[in-house]
Amino acid sequence: MISEWARENNIPCSKPESVTETGSLIKSADVLLTIGYGVLLPEEILTIPAHGCLNLHFSLLPRWRGAAPVQRAIEAGDSVSGVTVFQLDPGMDTGPIYSMKRFALDADITSDELFSELGVLGVEAVSDALTAIMNGVRPEPQKSDGATRAQKISKEECEINWELDAATISQKIRAFTSVPGAWTRFRGETLKIDSIAISQVRFEAGSLHVLNKELFVGTSSDAISIGFLTPAGKSRMDAKSWLNGARVTDGEFFG
């Protein structure tokens with residue numbers, strides 16, 4: 001996506017395939033900014049730019065260091081997230097901090113929505129960091145107290161356990177949309193659950209019930225109403241459309 005945008009706006013864009021090639025491309029750079037790069041840069045690269053290498057990270061460091069900070073924040077039920085611009089060092093998101101911006105999380109926010117919000121906020125944070133560098137301000141050492149790790153997400157952990165309570169299930173579904181997606185099984189087929197709402201009725205965990213053409217799934221607490229889902233090999237659809245084809249019988253189960 002970045003390369004397409006650069007081409008459309010006549011901005012040079014390179015795709016280095018080795019450390020040596022990367023080093024030659026940035027040898028005259030004042031600063032290098034990485035976003036969602038996914039690998040640790042070697043020290044020989046970190047020292048090339050005059051002011052070092054910066055990273056825009058989608059969490060309030062040191063909370064959620066690692067690959068999936070946005071998803072892990074929602075999964076954990078955090079009430080606040082944000083962005084951090086810090087100077088890269090040999091560690092995993094451990095470098096000194098130039099700027100931070102906070103963002104309060106709504107109770108129903110999804111990871112897709114949070115990525116969009118933090119992308120906008122990140123522009124401000126990067127601008128603040130570059131201004132600090134131009135003014136000779138040194139970054140603040142990053143604390144290790146309160147550090148947590150945002151591990152890469154596996155498909156297996158995205159399977160919904162309907163024995164959990166409704167709030168926890170909601171957090172997982174909102175965290176893992178839309179990639180890789182929270183999923184369950186029905187009649188041996190995989191279903192991605194895209195959106196839900198917590199209701200005030202209760203049913204056996206995993207059991208399906210249709211009330212007024214609305215699909216409910218039981219949990220260990222309140223039942224969940226399904227808004228949209230994606231059957232295997234098909235497009236996303238609302239639950240009502242899926243019910244028309246699936247012809248669910250009350251008491252069938254997800255999982």
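Heads up, residue numbers simply count up from 1 along the chain you see.
Note that Cβ sites are derived from N, Cα and C of the backbone, with glycine treated the same way.
As written in TrEMBL, here are the features:
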{"type": "DOMAIN", "residues": "28-126", "note": "domain 'Formyl transferase N-terminal'"}
{"type": "DOMAIN", "residues": "152-246", "note": "domain 'Formyl transferase C-terminal'"}
By DSSP assignment, list the helix, strand and coil residue numbers for the domain 'Formyl transferase N-terminal' (28-126), in that order. 27 helix, 27 strand, 45 coil
If you run through the domain 'Formyl transferase C-terminal' (152-246) with DSSP, how many residues end up as helix, strand and coil? 22 helix, 34 strand, 39 coil
